[in-house]
Protein chains: 2
Amino acid sequence: MARKASLSGYLELLPAERFAELHVLDTLREVFEAHGFSPLETRAVETVETLLQKGEIDQEIYAISRLQEEERSGREAKLALRFDNTVPFARYVTENAGHLAFPFRRYQIQKVWRGERPQAGRFREFSQADIDIVGDGALPFRCDVEIVVVMARALEALRIGDFTLRVNNRKLSEGFYRTIGLTNTPAALRVVDKLEKIGPLRVAEELRETAGASAEQAELALQLAQIRTSDCTFADKVRQLAGDRPADLLQQGLDELTELMSELNARVPGRAVADLSIARGLDYYTGTVVETVLHGHEDLGSICSGGRYESLASAGKRVFPGVGLSIGVTRLLSALISSGELASSRSVPTVVYVTLRSDDDWGPAQDVADQLRRRGISAEVALSAEKFGKQIKYADRRGIPYVWFTDELGRHEVKDIRSGSQESVDPSSWAPPTEDLTPQIIRKTEGL
Amino acid sequence: MARKASLSGYLELLPAERFAELHVLDTLREVFEAHGFSPLETRAVETVETLLQKGEIDQEIYAISRLQEEERSGREAKLALRFDNTVPFARYVTENAGHLAFPFRRYQIQKVWRGERPQAGRFREFSQADIDIVGDGALPFRCDVEIVVVMARALEALRIGDFTLRVNNRKLSEGFYRTIGLTNTPAALRVVDKLEKIGPLRVAEELRETAGASAEQAELALQLAQIRTSDCTFADKVRQLAGDRPADLLQQGLDELTELMSELNARVPGRAVADLSIARGLDYYTGTVVETVLHGHEDLGSICSGGRYESLASAGKRVFPGVGLSIGVTRLLSALISSGELASSRSVPTVVYVTLRSDDDWGPAQDVADQLRRRGISAEVALSAEKFGKQIKYADRRGIPYVWFTDELGRHEVKDIRSGSQESVDPSSWAPPTEDLTPQIIRKTEGL
């Protein structure tokens, strides 16, 4: 990403960078499919009505309209581009419920658009990779466990460095507020959500001012938000704070978060922390909530977030509860690429560049290339018989590892440009080492 | 696609159909990369100015604007969604020329949007798969040959039935018109392009009326357009029609088309026809032009089109000639899926459904599933210990081929739901036949 974006807020990659991105997307797909998630895409366009359904919206939506408007009729619904994958997925589930087997698990890796003010690391077009499990009427809590485990494994498979899943449960926070008599729980959650941004003093102040907390309630809420444990000991600390008569909801939240933390520690050890400051205040979560910090990239904010929502979608009396997490792929990728932590060894898929001795040799050279291609070795033929030095330089500049020569007697030699070593070979059997078959992904974090 | 689209003109697939689509996209990517084409994506959004640059536009463009407009300033460029992959690619090439090695070959598989009137097989959002080779200043003609060969191989690799590439050369047609004194060549090309739609009589009439042809010229132009040969004999027929003094341009066109046809017959035998009615009248092609008919799906029109353009893009005095072809993936796919010619064996990636004897067995069952996943076998664990019959039925309904049982002594058995056969197995070593590892693509055209 050496060049400047020609339209601010829109990222475009160079081919070598796109290879790195494809590697990330392929890896995610592989992990998601290994765990039984089906691929799904929805259309880019939704009615504005659908997009605004969930109420509170802080995303700026892009509306679309035909440039040539003459035939627009008032009856047509106003349309806009999706700003996440969850709202379109909810719409898809209600429309196609008759064709899906519930609990339905899908992954969805697509672009979304938001009219944000351009700033470093914020894009107006970016890819999100979502997984969700949706039930028809009910959905067991172990789906929450599965979703978090699968995402932890996906992030591990990306090998982008150390990360921590920060997990909490809204039932726990809300139940705690009820237990201590703090009744405006939505306001309290919204305030606590800002803990990292504004600090404990301001949170206590805002809890009193906007959530109607007494000084003592504010202090207790603040103490709750400061609990962080890498095991299940958070539960004892919460009980100590809550006193003798915990609300049912608090007990449920404690049970769920305990189950989640204990499974995470068994299945993805060292990856999760019970962090009771996590609230995701503005969203529609009703239980498990998750944020993820990538160490060394704390400025990115959460790279993977989501949680449980008792009513992802509904159709008449039918309710579809869900649980899901979403990785902000573009943001993550652009940070790793610009910092040099993620790169690709070449800008082309080509393994072998077949040189030309004379312009008439193009046909036979394509025959050689075809023999390689048929065995899965990407090959390209020179377009004209320039001096060998120039042909080799062309291959080298694009990172192609091997050049191929055929002499006037039809004898073949292949040269490794990197080492300079050259050997006699047979086009029907020669193969490069496996690691040269596709562009290699280079990670600066490896070995740290 | 049993259900109706909730927004007309927008196609959404069910998971099993998406597997078929992914298979198509993966196959294209594999063929393109084997031939040295690099992956590329451009942003969905272009300035309206960029989109309208190429002059004549018959696509209806979707403009985008923020739903919350308060801050819009007059200085911001008006933005719209791309309607093809070529115009954005041209813009990308000029912007990033300093970072690309020319000739630059890339593939680009992305959604595009057009505000077309919805009708059968026409979509407002659809995927196009493009390959192009772009030069800096000049581009050898053999790039035309390569592009057509690669696309023919891509279509062969899709195994969607028999197809014919109909190739022509604009220099040949224009050169012929000049030779016979028909000077309004753009108008003549536009008329001839309608041959299949309106028939020879009307074409002759329109050539006289709108292209200023004499009766004899119209007759000759019509005879030219009716030449179709599967080898290089078209050249003799053209020379016979053109008489003694062919224009230089005609000779160039004949040479190029002869080279193209002879290479195609050598490299992808039986796939191409020199069809001198092909004009692609409204586009900016300057040499080779290609359309593709899928036998049995003639109503789809051309499933893969494109050609040579001497000026794909320019920046100051620098000109970038290109040659490219584009497959209309969504249209093709939706036709093959609705006709039942293309389908997938299941709606989930899952190979093994691990059943539960009791609800407490979920942890050990996940351990079994993990052993399979680590060896690339997609596995899913039941969410609750319903009756085995019910668990098996759930797996069966989703097309999962195997169910797994572990008894109270920790002994494992796997059952093939399709055959009913059941055997004792070890989770650390059991593997299904390779063809069960991923959903199988089912083709009705196979064996025809």
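Glycine is no exception: its Cβ is also placed from the backbone N, Cα and C atoms.
All TrEMBL annotations are machine predictions without curation.
Per TrEMBL, the features are:
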- B:24-349: domain 'Aminoacyl-transfer RNA synthetases class-II family profile' (DOMAIN)
- B:Asp84, B:Asn85, B:Thr86, B:Arg114, B:Gln128, B:Asp132, B:Arg280, B:Tyr284, B:Tyr285: L-histidine binding site (BINDING)
- B:416-448: region 'Disordered' (REGION)
Overall pLDDT of the domain 'Aminoacyl-transfer RNA synthetases class-II family profile' (B:24-349), taken as the mean: 92
Those residues of the chain, 6+ apart, with a Cβ under 8 Å from that of B:Arg280 (L-histidine binding site): B:Arg170, B:Asp193, B:Val289, B:Glu291, B:Ser305, B:Gly307
Helix-strand-coil residue split for the region 'Disordered' (B:416-448), DSSP-based: 3 helix, 8 strand, 22 coil
All-chain count of other Cβ atoms within 10 Å of B:Tyr285 (L-histidine binding site): 22
Residues that sit under 8 angstroms from B:Thr86 (L-histidine binding site) by C-beta distance, when 6+ apart in the chain: B:Asp130, B:Asp132, B:Leu312, B:Gly324, B:Ser326
For B:Gln128 (L-histidine binding site), the number of other Cβ atoms found within 10 Å of its own Cβ: 20
Other C-beta atoms that fall within 10 angstroms of the C-beta of B:Asp84 (L-histidine binding site): 17
